[in-house]
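According to TrEMBL, the protein carries these features:
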DOMAIN    9-133  domain 'EamA'
DOMAIN    149-280  domain 'EamA'
TRANSMEM  7-24  transmembrane segment
TRANSMEM  30-51  transmembrane segment
TRANSMEM  63-81  transmembrane segment
TRANSMEM  87-105  transmembrane segment
TRANSMEM  114-133  transmembrane segment
TRANSMEM  139-163  transmembrane segment
TRANSMEM  175-195  transmembrane segment
TRANSMEM  207-230  transmembrane segment
TRANSMEM  237-257  transmembrane segment
TRANSMEM  263-280  transmembrane segment
Amino acid sequence: MVRKTHIPLYVLASLSIGVASILVRVSQASPAACAFWRLFIASLLLLAVSGTSHAHALCSRKLLYPLVAGLALSAHFVLWMDSLFRVSVAVSTTIVVLYPVHLALVEVFRGEKVGLGVAVGIAMAFTAVVLLFSNSLAVSSLAGVLGAAEAFVASLAAAMYFYTGRLSRKRLSTAEYSSATYLIASLTTLAYSSAAGDNVFSYLQNSWPWLLALALVPMVGGHTVMNYLLKFYKSSTVTSIALAEPAVASILAAVILRERIGFIEVAALAMAIAGVALVIKSSEG
C-alpha cells in the first residue's frame with residue numbers, strides 16, 4: 001500500500017502534470033521552446049536548492065542514467081508538445097499516458113510481481129484511454145494521425161525515462177538525478193531546436209510567465225515529485241499518477257480552451273481516475 005504520508009504527493013503530482021498541456025497551448029511559444037524552458041529553468045531551480053555539492057553527479061560514471069533519461073525526456077516533451085497542436089488535448093493526453101502500461105509490461109517481462117489490484121487498475125485506465133482515443137479519432141485528418149503517432153512515441157520515450165529513473169534512484173538522490181536529467185534534456189532540446197531553426201530565446205518576452213509556470217508546476221511539482229516517489233515504489237505504480245492527466249487536462253481544456261467534451265469522454269475519464277485510485281490503493285511499497 002502507498003504510505004499515507006505519500007498520498008498528498010500523489011495528488012500534487014497528478015494535479016501538477018494535468019495543467020501542462022494547457023500551459024503549452026496558451027503560451028504562444030513553440031513546442032521546442034516550451035520543452036527547453038520547462039527543463040532548463042527546473043534544472044537551475046533544483047541546482048540552486050540542492051547546492052553545488054550535487055554537481056559531482058555530472059562528472060562521474062553516475063552520469064549514465066541521467067544521460068539516457070535526459071535524451072528520452074527530451075524526445076518525450078518535444079513529440080508530445082507538438083502533438084498538442086495537431087490533436088485535441090483530450091486525445092493527446094490520453095495517448096501519451098500509456099507509459100505506465102508499457103512499464104507494467106516491462107516489469108512482467110522481467111519477472112517482477114505485479115499485484116492483481118494494480119493489474120486491474122491499469123487495465124481499467126488503459127481501457128478508458130482506448131475508448132477515449134477511438135471516440136476522438138473516429139474522423140481524423142493526416143495531421144491528427146501524425147499527432148496521435150507523436151503522442152504514442154512520446155509515451156514510449158516517457159516509459160524509458162521513468163524506468164531509467166527507477167534504476168538510478170538506487171544510487172542517486174532526487175536532487176542529483178532530477179537536476180542532471182533535466183539539464184541534459186534541456187541541452188538536447190536546445191540542440192534540436194537550433195538544428196530546426198527555432199530560436200527558443202525569441203519567445204521569452206511574451207511567453208515567460210507561462211514558461212516559468214511550466215517549470216514550477218508540472219516539472220517541479222509533477223515530475224520531480226514522481227522522481228522522489230520512485231525511490232519507494234515501482235515505476236508502473238508511480239507513473240500511474242499520469243493516468244489522471246487526461247481527466248484534469250480535458251476539464252481545463254473545456255473551460256479555458258473551449259474544447260468540447262462529450263458523455264463518452266466523461267465516462268472514459270471517470271474510468272481512468274477509478275483505475276488510478278485502484279492502482280494506488282493496491283500497490284506495494
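The backbone N, Cα and C atoms fix where each Cβ goes, glycine too.
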The domain 'EamA' (149-280), counted residue by residue under DSSP: helix, strand, coil
112 helix, 0 strand, 20 coil
Cβ-based contact of the transmembrane segment (263-280) with the transmembrane segment (139-163), 3 or more pairs under 8 Å
no
With helix taken as DSSP H, G or I, strand as E or B and everything else coil, how many residues of the domain 'EamA' (9-133) land in each class?
105 helix, 0 strand, 20 coil
Of 175-195, 207-230, 237-257, whichever stretch has the most CB pairs under 8 A to the transmembrane segment (139-163)
237-257
Spatial neighbours of the transmembrane segment (237-257) far in sequence, C-beta under 8 Å, 6+ residues away
2, 10, 13-15, 17-22, 25-26, 88-90, 93-94, 96-97, 99-100, 103, 118, 121-122, 125, 128-129, 132, 158-159, 162, 166, 226, 229-230, 265, 268-270, 272-273, 275-276, 279-280, 283
Counting only residues 6+ away from its ends, which parts of the chain sit with a Cβ under 8 Å from the transmembrane segment (207-230)?
6, 9-10, 12-13, 15-20, 23-24, 26-29, 33-34, 37-42, 45-46, 162, 165-166, 169, 174, 177-178, 182, 238-239, 241
